[in-house]
Amino acid sequence: MKKWFTLITVIILCFSLFTFSPRSTAQSNEKQVHSQLIVFQENTSIRFDEVQKSITEQYPVSIQSIPEVAIIKLSSNNQDQLQAAIQFAQKQYGSEIKAVGEDQIVSPPPIPAQLFTSQDPDAQLQSIKPISKVNPTQVDLTKADLYQKWGWDIQKVTENGQSYRKEAGNHQVKVAVIDSGFDFNHPDLKNNIVSQGKSFVPDVTDTLDRMGHGTMVAGGIAANGRLLGVGPELGLVPYKVFHQGGGESSWVIQAMIQAAKDGVDVINLSLGTFKSLHKPEDIAIIQAYQRAVHFAAKKGVITVGAIGNEGFDLSDPKEVAEKLGNPGDEMIQLPSELHSVVAVSGTTKEDTRSSQSSYGIQVDLAAPSGDFHLDNINVNEMVLTTLPTYFPLSPINQAYDIPQGYTFMSGTSLAVSKVSGAAGVLIARYKERHHGKSPNPNYIKQILRHSASDLGDLGKDNQFGHGLVNVNRGLNLVR
């Protein structure tokens, strides 16, 4: 009884102390930098270096081009100068411009403030050494005590670890986690981190995780220690777009492009935002994201995205807009509603839809995300995953004898990681059978769908898509 009282107190504190508000943080900065994206026609013949030169000769703004998707980003802490530069560009290149809009904030789901560390993570940078070639550690179920006791989510996807005997992944297959970075010294992750990746956050050069979210997601993909991920021998690469709050959409887009150019096989997007189908500034963002997804697909990369934690039915954009306080508008969730993205909803231990998870006709697959109810707290319904080892031990961990470096959590971010891991494992199997040749992304997507365990209504439905991801069955279909 005492344990339950302590746990209830802790979680109430956790969920009432969210400190994640990137917009208010940005607005409190007296020298806030404003940014706008200009989206050009996809097949434009314009030279971006000439565009940059013509604008900067007239206006004191900084310009960054993303030529792979025909976009330029203009930034300035002077809003008037920025708008003047935009108007100049529209006058000069009007017929070549498809859309213009603000470079808006995208966010991972917030982490309870109780999990934040008062210790400066920069102290950990001294122990991050250049990553040399590392070999994955073979799966050892006898040492995976936390997986055995708490890993119901991974056990469902792998059919109690049966898939590990067939294929656990390898470092020739890499999963990009576009998020807040990693704990490079986490014992369950460090042997699978094959690159330090890259930061797209201005003035932040490292990819150390100061928020915890990226490390949590990585565990579901490729943990290999006391916890196990879906692909415990897959390679992991961090692309940092969150540092101590939300990130700009252009950072995510650039990270997606860079990951594809770096030769990753899967992109994990455990993040999200809602955009209007009618506002010009939102249309620019939607088109920019869609182009990045298509760029990755042309490079043979599978992009997996979260359907979101709002509990919305996303099938009707008008209803979504109404729920978000924008009556008369139509709104969609990014990235899950983009073409070619594998959209993932979240499920409970009982194979029902998580109360947090959104749903709709957009859902491709479901995966365990855990669930949370403030009036009926049960950590057995939540997911245990990796957390930076330099975050302090929480009272929840103490109550359940969970060591530092792990945390109970729930949300579709964790569901996405299972599908990303499953895709990586199937790709590894294919490459081994075809002498290193990469599969067509659509082939792997078809296997994921055909091998899923049907839940809810027979066949594809709005709650679970094609069903609960099942990597063990999927491996039987790889030819």
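Glycine residues also receive a Cβ, built from the backbone N, Cα and C atoms like all the rest.
Among the features that TrEMBL reports, signal peptide is placed at 1-26. According to TrEMBL, the feature domain 'Peptidase S8/S53' maps to 171-467. The active site, charge relay system annotation in TrEMBL covers D179, H213, S413.
The two recorded residues D179 (active site, charge relay system) and S413 (active site, charge relay system) have their Cα atoms spaced 10 Å from each other. Across the fold, the C-alpha of S413 (active site, charge relay system) and the C-alpha of H213 (active site, charge relay system) stand 9 Å from each other. The average pLDDT the prediction assigns to the domain 'Peptidase S8/S53' (171-467) is 97. Looking at D179, H213, S413, the active-site residues in this record, the fewest other C-beta atoms within 10 angstroms of the C-beta turn up around H213. According to DSSP, D179 (active site, charge relay system) is assigned to a strand segment. The DSSP secondary structure for H213 (active site, charge relay system) is helix.
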